[in-house]
Each structure stands twice: as C-alpha cells, then as structure tokens.
Amino acid sequence: MGKAENYELYQVELGPGPSGDMAAKMSKKKAGRGGGKRKEKLENMKKEMEINDHQLSVAELEQKYQTSATKGLSASLAAELLLRDGPNALRPPRGTPEYVKFARQLAGGLQCLMWVAAAICLIAFAIQASEGDLTTDDNLYLALALIAVVVVTGCFGYYQEFKSTNIIASFKNLVPQQATVIRDGDKFQINADQLVVGDLVEMKGGDRVPADIRILQAQGRKVDNSSLTGESEPQTRSPECTHESPLETRNIAFFSTMCLEGTAQGLVVNTGDRTIIGRIASLASGVENEKTPIAIEIEHFVDIIAGLAILFGATFFIVAMCIGYTFLRAMVFFMAIVVAYVPEGLLATVTVCLSLTAKRLASKNCVVKNLEAVETLGSTSVICSDKTGTLTQNRMTVSHLWFDNHIHSADTTEDQSGQTFDQSSETWRALCRVLTLCNRAAFKSGQDAVPVPKRIVIGDASETALLKFSELTLGNAMGYRERFPKVCEIPFNSTNKFQLSIHTLEDPRDPRHVLVMKGAPERVLERCSSILIKGQELPLDEQWREAFQTAYLSLGGLGERVLGFCQLYLSEKDYPPGYAFDVEAMNFPTSGLSFAGLVSMIDPPRATVPDAVLKCRTAGIRVIMVTGDHPITAKAIAASVGIISEGSETVEDIAARLRVPVDQVNRKDARACVINGMQLKDMDPSELVEALRTHPEMVFARTSPQQKLVIVESCQRLGAIVAVTGDGVNDSPALKKADIGVAMGIAGSDAAKNAADMILLDDNFASIVTGVEQGRLIFDNLKKSIAYTLTKNIPELTPYLIYITVSVPLPLGCITILFIELCTDIFPSVSLAYEKAESDIMHLRPRNPKRDRLVNEPLAAYSYFQIGAIQSFAGFTDYFTAMAQEGWFPLLCVGLRPQWENHHLQDLQDSYGQEWTFGQRLYQQYTCYTVFFISIEMCQIADVLIRKTRRLSAFQQGFFRNRILVIAIVFQVCIGCFLCYCPGMPNIFNFMPIRFQWWLVPMPFGLLIFVYDEIRKLGVRCCPGSWWDQELYY
C-alpha cells in the first residue's frame, strides 16, 4: 500500500525535489491528502514545471535514472519502477454518475423555488383535508403540476446538454499503443503504458512520442507541437540544450506529440500524469466550472421573488390572525400567497427561450453544450483567443518573395490574378526551380480535381506551403520534378540548417547537374559568392549583402518564417553523367553558390477574422491573443487582424521611435503590450492585473497552459466576463476556467471540445460574433419575457389578498392560475424570444453583471405595481360585474365568504332576495374564476404587445414583424375560447361558459396599458439619463 500511496502523491505534486529527484519531493507531500488540500494542489499545478533534465549531461542523466545511454535500464529495475510509479497512462478522475447529472438539472435556482412551492401546496392540502375543505384537491393538483414542470424541464435540459465533461478520457486518444524500448541492451516492442523513467526508447517518423523524452541522438527529427504549444511550424528536435525552459529547448520531446520525420533515440524522463500533457489534463479536470452569468441572474431573481413572497405572506398571515382566523387557517392563507407569488411558467419560458437560441446558433455552425452558455456569450467583455487554428488557418502559406532586390507579395489564389511580379523573369524561374526541386513534400495521389489550397500533402508545413505555391505558379510541380531527376540529397538537420539536393537537367543535350539548396537565410548566404539579379550572376559584394540584410529583417519583422534559396551548375568535366555523389564524403561543392532569393511564409489569418475583431471592438469587447507561438509572429498576426490596432505602439516600439532605452518609457503611454511566457513567469498576479488594466491591446506569446489559465483568472479578477477560444490540448484548462469556453469543431482536439461550452463547427472566429449578437439579443428578450411573465402574478395574487382581508367569494382558483401560467401565457412569452433587436446591439458596450441585472428594480416595480395593478383592476371590475349581473352587488359580497363557503347553507339570499343553494353558488364561483381568467388574458395580449420593445415605440418596431408572436396571440385567444365553451370543462377544470359582454369589460384596461406604456417609452426616449429614464426604463 505504501507504494500505491506514493504513486498517487507523485502524480499530484508533479515537481522535483531539491536534488532534482522527483520521488523525494513526492514523499514530503505524503500527509497532504484530503479535500482540504484540493485548492493547494490546483495552485501547485498552475506553477511551471521545474525540471532540469534538458540541462544535464548524458552521464548525469545515467546517474540520476540509474540507466545506460546505450543499453537502457535493466529489466528488474524497470519492473520496480513500474510498481513504484504505476503505468504510463493518464489517470482518469472519478466520473459523475448520470443520476447526479440529472439531479443537478432539478436543483437550480428556479427549480428549488418551485420545489418549495410544491411542498407548501402539499402541506396546505394536508391541513385542508384534515378540516374537510372542499378546495383541498386544488392544492394537490397545483403541487403535482409544479413537480411535473420541474421534472419535464429538467429532462429537457438533461437531453440538451452533452454528457458530462470528462477531460482526461479524451486524452486517452493521444496515448500511443506501442513503443520501441532498449533494456539490457536488447531492443523490443512493448505497450507504451509499460514505459518507466530511465527507459531508452527509439522513435521514427509517423510515431507518437510515448512519454516525455530527453533526446540523446537525432537525425532530421521534426515534431508537430501545434496542439500543445500553438506553434504551426514543425519543431526540430536534437540532443543540444537550446533554452533554459524545458518547453522551449529542442532536446525534450513531449508525450503524445507527433513525429513528422527523422529518427531519434532518448531517455524517458516523465511518464503518465507527470508528463506535460498529463499535467495539463490534471489541471483541466481540476478546474471547477464557474457559474454562468444567467445562473447568477436567476439566483438573484429567485432571492427577490422569495423575499417578496415571504414578506407578503407574513404580512397577510398577521392580518388574518388579527381579524380572527385560526392559526391553521391563517397558515393556509400564508402558503397560498407564497405559491401565488411563484411564477410557475417562468422556468419553462427561460428553458425554451434558451433552447430556441441554441437551435438558431446551431444553424450558424455554433453548437451549444450548456443552454446557459447561450446568454453568457452575449455578456462577454473579454475574448482570450488562441492564435493557431483559431485566428489563423493553421496552414503555412507563402506570403512574400524577395528577388531582383524587390519584395513581392505572393498570390496564392488559383487564378494567380494578383501576382505582382513578372513570371518570365530569369531570376524568378531560377528561384522557382530551387523551391520546387529542393522539396521533399508530395501531393497525395488522386487529387487532380481538388483545388490546390485544399489538397492533402505528405510533408511538413513549410515544404507543403512551397509545394502548393509552386503548383499554383508552375502548373504541375510533380511533373516538373520528374524532368529533373534527383541523384543525391542531404536532408535538413539542426547542425547544417540547410537542405541540399542535386539533379540532372531536363535538356538531354545538357549533361550538367544542378545543385539546389534551401535553409536558414544567413547559413545559405554564407555559402554563396554571387547573387542572381535579372538572370545575371553578380558578385555578392557588401552592397548586395546589405540589400539581403534589409530584406531579411523586413520579412522577419512581419513575423514570417524566412528561407533562403541558392543554386550552382556543376561542370560536366568534374561531375560527368553517372558521377557517384556521396553525401558522407561530400564529394561536391557546398560553397561558391549563387543566391537566388528569399521566400517567407506565415500561417495566415482567416479572411473573416479582421472584420470579426472590428465588430468585437465596436461592441466593446476586448480581444486578447494568447498563444504559444513566437512573440514576433504573434504580434504580426495581432496587428494584421486588428487586435493591435493601426497606430498603437508597444513600449518597445516607443523606445525604438524615440531612440531611448525601454526602461525610460512610461508604460502607460503604450496602448499595446506583448508579453512572453518568460516575462509572465516572473510577474506576480497583481502585476499581471495591472498590465491588463493599463494596456487595452494585449498579446501573450510563448505561454504555457498554466499561464493561459492564470491570464483568464486575472481578467476575471478585473470583473470581466471571459470567453476563451482554442483548439489545442494546451487550451483545455483555460477553456474550462472561462465563463464560456469556445472550441474549434474541425481542428479542435477532443480535450478542447470536452472542456468547452460551445463548439464552432466551421472553426470560424467570426461565428463568435454571431454568438455574441444572439446572446445579447436573448438577454434583452428574456428580460421582456420575464417582465411579461411577472406582470400577471399581481392579478393572480390580489384575489387571494382580497379573499382574505375583505372576505369576498374567491375570485380566482388554483387550477385556473395553472392554466394561465402553463398553458395560455407560455406561447406569447416564448414568442418574445423571436423579437428582433430594437437597435444595433453590437454597438453597445457589454452589460455590467453587477449593474445590468436580468430582473432589476424598475422591471419589478413596473411589472408588479403599474401594469400588474391595472390588470388587477380589470380583473376585479369584470368579477364584480359578473357577480352583480347574477344578483350579488359589490357591497353584499364584502364579508360574504363564510356563508358562501358553508356547504350546509342551502338558502343564501342575494341582493334581490333570491335564494342560492351551495351547488348554485359553486357554479357561480367557477363562473367568476373564468371571468377573472379571461380578464387577465385580454390584458396580457396588451402586455405582450408592449413588451415587444423597452425603449422604442411599438409602432416603430412593427406589430407584425414577429409572426410567431401574432400566432401566439391568436392561439391564446383560441385556448381561452376552448376552455370557456368546450363541453365538460366545468366538471374537469372548473371553467364555465360566460357571457360575451364579460369579454369586453377588460378591453379598456388593455388599451390603457398600451397607451400608458407608450407614454413611458416616449419619456425614456426624450429624456435620457433623467429620473424618468432611470426609474421607468428596465
């Protein structure tokens, strides 16, 4: 058991001890288990991994891991280490049971309120049943209806939401199945999960790296780190330590990254959860989901509703006790008022409105996993976006060329209509020949009908870009190569930093060979003695070297990867046909070459991104780039897409312009700021928050997954609602921590998709703008729906208040209220989700979560005490009219309740002296229920029309633009008619046929509501910022 516990703690700590021995540090944390240490563990995982294996010599590595750089571990030691450390696999967390996920759907803010209301109804049912009250069943039906609403909406939410996020399960797809290992000097294949630290492993192109490995030997080794670090360009791996950071150095290969080409041999230095990828997985799964803004708003709303309900209930409980009711009867009244105050239909309204918006977004390639995330995107004030694959295409493309002493922009379109140089130029032909022949990439067969930019290429990103550019300019690059057969080649390696190949010429009458070379521009130039200018070889003197340096710096400053190209015709005399070229002996010249030109490449921005960033800026949303790529490249892309706006300068730019040291520049003068990972590592949280506050335009480069998470947290400390976009494994912790995580659907890793709340199916950053717009619109429309839904609470509540205090026969029954809440008013309420925006909501600043509430005081006051009061007057006017026309004048109704409800009294006289039996009185009471119901519905038609806008006149918005609302109103009227006049309704739901004139009584009140609201809106529009605006605009 001791070893098992050690393994568990080893995975939690993920750091070395003072001597560099990781196991020693694990034992120190042995007492740190338990829930109380979870936060500390998460903070430890946020820290950068402090390992020094990349800086140790081979002898020191052998000593540290008790291994051999030639024979590997002994089999016995490997077995001991496997027992100590456990398998080389990512340890999945304990999954959330499905019943718990479903239970969460039943326990939100509104759900809890409705559960309490249902419990109160059941208690009231029990009390009334014990007293023999005939209205007992109403409370039972109400309780069952409330429970049904919660369960049905819970099922709906559970169905809509994806299965629970399981971060580490998605990382399993990255784990290789087999690994080539050397133990006791013997080479054999084992399952990758059996690897241990100190194992000597071999890798080749096409393999996935089986663990974190310190490279000992490498030949042409390149790996794809894009999903881990965000770098589009393949990364060279070699035995040399090139950087003090283990994430930056070339002699560490990371677990799960893909080997693109070459071979390598190295020692395993970390396995399983202790690897970089394992650390990210643990970090992502350890981050708790934040409450969404809409969830916070609903909690705030529930607090308001519960507080008002208890206040009113307690007030009238005291009143009932004071006027002589028994305690149990007064308690029943208290419960009835509390339940009447609960908007039973609101939960369904909110769920359906969010679902409709989610469906609308899905049609625009945005899939929402969590319904509440729909509104969150609309509240977003900061977007932290990854660069590679999100803002850019994750596809290297030729961008510029320098030849004949001119820089040309490359046209990578099919028709080549934008090409800015003369393709008949001799220098261009030479440069094109070199970049086509000195290239190992090849098109996958059978793609002749596929457009060149979309063709699949076998090869690394740079050579792919060169091949596609060659295909676009030459027409048939592969056929062109066949005309120049390759006889010799030296692949690119980190020592030489060039690639060389020798070819025979296409002209059979010319028996010469041509040597072509590409590589790092400075390395290629130093092997040249001449330069091609307009097809002529000129001596490479100081003038041309300066011209080269100027062009090189210019292209490099754009954040582009620059390659140099040169050639040399080999004389027939020294290198006749059939000459045996030997790459080991290098029996051919590698100097005295002729420089042809420079080609620069970049992972270009998506075409729609600049416009999307501009729209975000217009909408008051700050876009921050957070990438693992180089600072120069990151800054260049940020400038090209508008994250760094034209004219904005960093501290370094200002210092260069003023020709002063950087430390003499006032940092507050710099609008833009580029911070790399090493700088970020040395900053404390307060410094980072201050930098975010000082510089509106921010770019973070060379960041680790831990740092991305810290950046998100810092933005949240400033009060921002943060959206994070990303596609790589390295983005998953930040995606989980953000208020809303947005993953790429095509290029995104499974880990990123699982951590996110929303997935962009088309990988288009511009789709986020659509999401923001829809999110803002649904917030506005939810506000309207809630205002509409709350208004009728007052005419539903006041009958009970009058019933208790004035002792009139009950004007409105529980079942009738249920039909209002869950039947007739649901459709108009939902139809407001289809309402168009009143103005260009993308020109407004994001809402302030602390100030701009979903349900604020003006909304509650206006809905309850103004429109709700008018509806109550309408209802009582219709009620007393119906009672009077049947012989019960208003003054007689006051205090009538005890006799009216006495089922033993069969001869109660009305105002005309007519005697009424209990059955007749009950029939009249049900008629009054129906009259009050119709009155509310007629006023609610006016209410839904005024809710179309909050500021504009309803005439400006148009009555018939929202056809769904028109249909909902017609449906509402039809339902009302059906309930009133369908045979059998009196016996089933207590609805009675009513006279036509009783439909007309509430209409003047509906007109009053409409006129009153138009006056309110006029004042809001005419007096912005005034008392009228502040108190009456909700």
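Just so it is clear, glycine is given a Cβ too, placed from its N, Cα and C backbone atoms.
Over in Swiss-Prot, the protein carries these features:
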type: TOPO_DOM; residues: 2-97; note: topological domain 'Cytoplasmic'
type: REGION; residues: 13-40; note: region 'Disordered'
type: TRANSMEM; residues: 98-118; note: transmembrane segment
type: TOPO_DOM; residues: 119-141; note: topological domain 'Lumenal'
type: TRANSMEM; residues: 142-162; note: transmembrane segment
type: TOPO_DOM; residues: 163-298; note: topological domain 'Cytoplasmic'
type: REGION; residues: 222-244; note: region 'Disordered'
type: TRANSMEM; residues: 299-318; note: transmembrane segment
type: TOPO_DOM; residues: 319-330; note: topological domain 'Lumenal'
type: TRANSMEM; residues: 331-348; note: transmembrane segment
type: TOPO_DOM; residues: 349-782; note: topological domain 'Cytoplasmic'
type: ACT_SITE; residues: Asp386; note: active site, 4-aspartylphosphate intermediate
type: BINDING; residues: Asp386, Thr388, Asp727, Asp731; note: Mg(2+) binding site
type: TRANSMEM; residues: 783-802; note: transmembrane segment
type: TOPO_DOM; residues: 803-812; note: topological domain 'Lumenal'
type: TRANSMEM; residues: 813-833; note: transmembrane segment
type: TOPO_DOM; residues: 834-853; note: topological domain 'Cytoplasmic'
type: TRANSMEM; residues: 854-876; note: transmembrane segment
type: TOPO_DOM; residues: 877-928; note: topological domain 'Lumenal'
type: TRANSMEM; residues: 929-948; note: transmembrane segment
type: TOPO_DOM; residues: 949-962; note: topological domain 'Cytoplasmic'
type: TRANSMEM; residues: 963-981; note: transmembrane segment
type: TOPO_DOM; residues: 982-996; note: topological domain 'Lumenal'
type: TRANSMEM; residues: 997-1017; note: transmembrane segment
type: TOPO_DOM; residues: 1018-1034; note: topological domain 'Cytoplasmic'
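Scored by C-beta pairs under 8 angstroms, the transmembrane segment (929-948) has its highest count with 813-833, from the stretches 98-118, 299-318, 331-348, 813-833, 963-981. A Cβ distance under 8 Å defines the sequence-distant neighbours of the topological domain 'Cytoplasmic' (949-962), meaning residues of its chain 6+ beyond its ends; these are 780, 783-784, 831-832, 834-836, 838-839, 1010, 1013-1014, 1017-1018, 1020-1021, 1033-1034. Outside the transmembrane segment (331-348) by six or more residues, the chain places 110-111, 113-114, 117, 120-121, 123-124, 127-128, 142, 145-146, 149-150, 152-153, 305, 308-310, 312-314, 316-317, 320, 325, 786, 789-790, 793, 796-797, 800-801, 804, 814, 817-818, 820-822, 825-826, 829 with a CB less than 8 A from a CB of the stretch. Beyond its flanks by at least six residues, the topological domain 'Lumenal' (119-141) meets 328-329, 331-332, 335-336, 338-339, 810, 813-815, 818, 903 of its own chain at Cβ-Cβ distances under 8 Å. Here the transmembrane segment (854-876) touches the transmembrane segment (299-318). Their Cβ atoms form 3 or more pairs under 8 Å, with each pair 6 or more residues apart. Sequence-distant contacts of the topological domain 'Lumenal' (982-996) (same chain, six or more residues past either end, CB-CB distance under 8 Å): 813, 815-816, 819, 882, 885, 923, 926-927, 929-931, 933-934. Helix first, then strand, then coil: DSSP counts for the topological domain 'Lumenal' (877-928) stand at 28 helix, 4 strand, 20 coil. A Cβ distance under 8 Å defines the sequence-distant neighbours of the topological domain 'Cytoplasmic' (834-853), meaning residues of its chain 6+ beyond its ends; these are 293, 296-297, 300, 356, 378-381, 615, 618-621, 719, 721, 769, 772-773, 776-777, 779-781, 784, 948-952, 957, 961-962, 964-965.
Distant neighbours of the topological domain 'Lumenal' (319-330): 127, 131, 804-805; these residues of the same chain sit at least 6 beyond its ends, with a Cβ under 8 Å from one of its Cβ atoms. Cβ crowding, taken as the number of other Cβ atoms within 10 Å, peaks at Asp731 among the recorded positions Asp386, Asp727, Asp731. Nonlocal intrachain contacts for the transmembrane segment (813-833), taken as residues 6+ away from its ends with a CB within less than 8 angstroms of a stretch CB, comprise 135, 138-139, 141-142, 145, 149, 339-340, 343-345, 348-349, 352-353, 356-357, 778, 781-782, 784-785, 788-789, 792, 796, 925-926, 929-930, 932-933, 936-937, 940-941, 944, 947-948, 962, 964-965, 967-969, 971-972, 975-976, 979, 989-991. Non-local neighbours of the topological domain 'Cytoplasmic' (1018-1034) in the same chain are 783, 787, 856, 858-859, 861-862, 950-953; each lies 6+ residues outside the stretch with a CB under 8 Å from one of its CB atoms.
Residues 301, 312, 316, 333, 336-337, 340-341, 343, 345-346, 349-350, 353, 808, 810-812, 817, 820-821, 825, 828-830, 832-833, 835, 854-855, 859-860, 862-865, 867-869, 871-872, 874-876, 879, 932, 935-936, 939-940, 943-944, 947-948, 950, 1034 of the same chain lie 6+ residues outside the transmembrane segment (783-802) yet bring a C-beta within less than 8 angstroms of a C-beta in it. Calculated from their C-alpha atoms, the gap between Asp731 (Mg(2+) binding site) and the residue listed as 'active site, 4-aspartylphosphate intermediate' amounts to 8 Å.
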